[in-house]
Amino acid sequence: MASPSSFSSQNYKFNVFASFHGPDVRKTLLSHIRLQFNRNGITMFDDQKIVRSATIGPSLVEAIKESRISIVILSKKYASSSWCLDELVEILECKKAMGQIVMTIFYGVDPSDVRKQIGKFGIAFNETCARKTEEERQKWSKALNQVSNIAGEDFLRWDNEAIMIEKIARDVLDKLNATPSRDFDGMVGIEAHLREIKSLLDLDNVEVKIVAIAGPAGIGKTTIARALYGLLSKRFQLSCFVDNLRGSYHSGFDEYGFKLHLQEQFLSKVLNQSGMRICHLGAIKENLSDQRVLIILDDVNKLKQLEALANETTWFGPGSRIVVTTENKELLQQHGINNTYHVGFPSDEDALKILCSYAFKQTSPRHGFEELSESVTKLCGKLPLGLCVVGSSLRGKKEDEWEDVVTRLETILDQDIEDVLRVGYESLDENAQTLFLHIAIFFNKEDGDLVKTMFAESDLDVKYGLKILENRSLIKMKIFSNGDTKIVMHRLLQQMGKRAIQKQEPWERQILIDAREICHVLEHAKGTGWNVHGMSFDISRISEVSIRKKAFKRMPNLQFLKVYKSKDDGNNRMHVPEEMDFPCLLRLLDWKAYPSKSLPPTFNPEHLVELNMHSSQLEYLWQGTQPLKNLKKMDLSQSKNLKQLPDLSNATNLEYLYLMGCESLIEIPSSISHLHKLEMLATVGCINLEVIPAHMNLESLQTVYLGGCSRLRNIPVMSTNIRYLFITNTAVEGVPLCPGLKTLDVSGSRNFKGLLTHLPTSLTTLNLCYTDIERIPDCFKSLHQLKGVNLRGCRRLASLPELPRSLLTLVADDCESLETVFCPLNTLKASFSFANCFKLDREARRAIIQQSFFMGKAVLPGREVPAVFDHRAKGYSLTIRPDGNPYTSFVFCVVVSRNQKSDKTIPPSLLWRRIIAQDEGYPVEVWNRIGDVFKYRTEHLLIFHFDFLEFDNRDIVFEFSSESHDFDIIECGAKVLAEKSIKESYESGSDQAFEDDVVFEPSKAFGDEKYGDCCIL
């Protein structure tokens, strides 16, 4: 096993040096500490062979310098030894010069006695100093004062010495392992991954635990596992990283022989004994059952591998940890591994940082490469492997070379990336491979039930296939709040699927994707055959083509037809004959920019499940009634010439009807009343739509989008089961009765001036922004499920009534007439924004600020930190010196002003850092997204609450900054809170707890200057 010191950035010989007075602690506390440290693999300097003298010798000074941590055990007689005091001075010198970590244990003495050299400790100190010079006395006194201010363990406060010693050992291990090995320094997001996995590992638990790291190929599982190994291996007696297990299967062995072979390789590595030979499968248990081990099993893809190397937890000693990385979640279920960390894709911000770290060796784009970097990040789909490979290939390249790479990435998959991703695909059986390819080409981001219906008449086991693909991390089944499940495949996996099709022999292909090959077939009506089930091609990459009437005659089994345009240049490159014969078995017809005014009269939609004619030239689909029993989804969006919908009486299974941007559509036909399974209706942007049939009861209809239907004045009751109603930018004046409504959005509907007398109590989200509403009804407080309200730009709204306690978000920006709000605003953990509300009266401002004390956030105009914040400072930095009373949280107030040079439209972020005096750890950094600072007309107050996990009595420095420099920080302030008083005040519904604190001085907290007719701060 590698010693803990071997992983440090400096070569330390010992983990710990202990400074102590032998007669006080050697046979008691110190002996117990040594025993615990030995159990945990912590090496501590042993001073028993050193001869004590009047001064500490070179060997002891060297031992102090060669130790990563010094533990000072301050006992009653510690100061009676000049040796101990000289040790202490040397230790503090090493702390200052070398960054040595110093920990303290107060063993039977009060820290204040040590600090002031009083009591029995002071008597011993004075006796020692009586024989010394004043210079030595001052030197020792200063050292004792410094060490007493280092937070440590106070023996008198512990009821159980053993538990205290266990905690000390854990603290030592945490400090030894405070950061990963330098191999992973600067790796974006690695700390967050390690923090989550360490939580699952529960390292203080003596049970043996198996934890998995799961995710798709290229997500970074192995990298995370290696960083974890570097971070934790020194905590264990034995450790081993077993890599590339995927390639460990040898066909020359039977199952027993394979497991035996794998165990031999494993034990040879973990025990550092090359060429081990074993004769039975109990060898791991025989060798490791009494050892605390850390084992990483990387890239596991067979259950046999787990059965061979970690079949039972009893094979390993107490406290052992086994970490498995895999793409196969089903394998984890089969082996009974329930503790799994699922590696997710990085955020947009982190993905850009990852790319830049490889392309520029920094975390942000070089000047002039900002847009190109964002384009590459998007094309890589935020997959860390893709960002790494592509970023490295771009290092040192010029802008025009970057542009070439961006163009190539749109259609071509890098070979190194393909090699990694293809492994998972090739491990699938034929059924799963077929389904994978169909999803990659036709059904990415489609509804799961819809896809199952697509294959209802085939032999393909879609339900089982989807489960396999999800378990292998090749797709993700994304579940939405309304219960819908969509199939999501990563963009690079899609490209890999296309490459897999291109590598097939022409006569083997069930799916055609080569645009030139397909156009040749359609133009000359020859080639292909019975086995072709799908066709998908990009018409933006071809010249003009005229399709023959019998083009699909040789493809009788064609079920999936997709014609799309990756670049919409407005040109119609395809010419379709009026009487073209579509395949009669079509289940998917997805044709973007269809060039004809209608579908051919011979078109038979009997088997059709989805009809998608986005941006078509259609004026109508067909005449008369058609058999539509299988149709579940119809999308005619952006068909600007569409004047009428067909008779939909037979579409009794239709669930989704999308008509966005159908600008010529005037009326929804009455046949829609037969669509009893319709769940969603979307007519956004139908600017000429005037009529929606009345007297309908579409019992399945839950979501209705009517935004931008500027001529629509009346909305009938379409269903009493509507949950989500969006009627933005319309001419409507009222809302139909929907007793189960959850979301109501009438933003931008200027004719809408009043709410229903009784809003449904089921409402969770309400958007009234940019309406002429003047009053909100008193029933508002009874909406106990309401979570979010948007009143932005309601310029006539003068007051806010009592709000429900369930409210989490209230946006009232630019409410120019708003003066009063109901007091108090007792809403726990709520975020309130009153940007540019310059008419707020004194009581309203007081209520808004007070609300933030309930673990909330607030934004409102202001030039100075209000007097209620008892710690205030000019500029961006604030130091707080706790008064000794326990606190659990702070409320911060920051005065910001928009940087006039900023022209960004992306909401900037406020970064704040907590730095504790003499703390060896890293500062705590927290990002707070602060909204549209670029819209603030003057200075504003940003108020937010933050909890601390533990009380600390040392000085704390808080620093606030804007990484993007989009705003300036004028002032900052903070108020220390005790959790009990906040909780009691919230539960009582009063503001009594703040009466003494929230005393606003108008001359200080509120300015008297005028901004036009508005009082500003």
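Cβ coordinates come from backbone N, Cα and C, glycine included.
Database features (Swiss-Prot):
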- Glu87: active site (ACT_SITE)
- 12-176: domain 'TIR' (DOMAIN)
- 191-447: domain 'NB-ARC' (DOMAIN)
- 539-562: repeat 'LRR 1' (REPEAT)
- 583-605: repeat 'LRR 2' (REPEAT)
- 606-628: repeat 'LRR 3' (REPEAT)
- 629-652: repeat 'LRR 4' (REPEAT)
- 654-675: repeat 'LRR 5' (REPEAT)
- 676-698: repeat 'LRR 6' (REPEAT)
- 699-724: repeat 'LRR 7' (REPEAT)
- 738-760: repeat 'LRR 8' (REPEAT)
- 761-782: repeat 'LRR 9' (REPEAT)
- 784-809: repeat 'LRR 10' (REPEAT)
Other same-chain positions with a Cβ less than 8 Å from the repeat 'LRR 2' (583-605) and lying at least 6 residues past its termini are 442, 454, 457, 539, 552, 555-565, 568, 572, 574-577, 611-623, 626-628, 630-631, 641
Averaging pLDDT over all residues of the repeat 'LRR 7' (699-724) gives 90
Across every protein chain in view, the count of C-beta atoms other than its own within 10 A of the C-beta of Glu87 (active site) is 25
If one takes Cβ-Cβ under 8 Å and requires six or more residues beyond its ends, the residues near the repeat 'LRR 9' (761-782) are 728, 739-755, 788-804, 811
For the repeat 'LRR 7' (699-724), the DSSP helix/strand/coil residue counts are 0 helix, 4 strand, 22 coil
Per DSSP, the repeat 'LRR 6' (676-698) contains 0 helix, 4 strand, 19 coil
According to DSSP, Glu87 (active site) sits in helix
Taking DSSP helix as H, G and I and strand as E and B, the repeat 'LRR 3' (606-628) has 0 helix, 3 strand, 20 coil
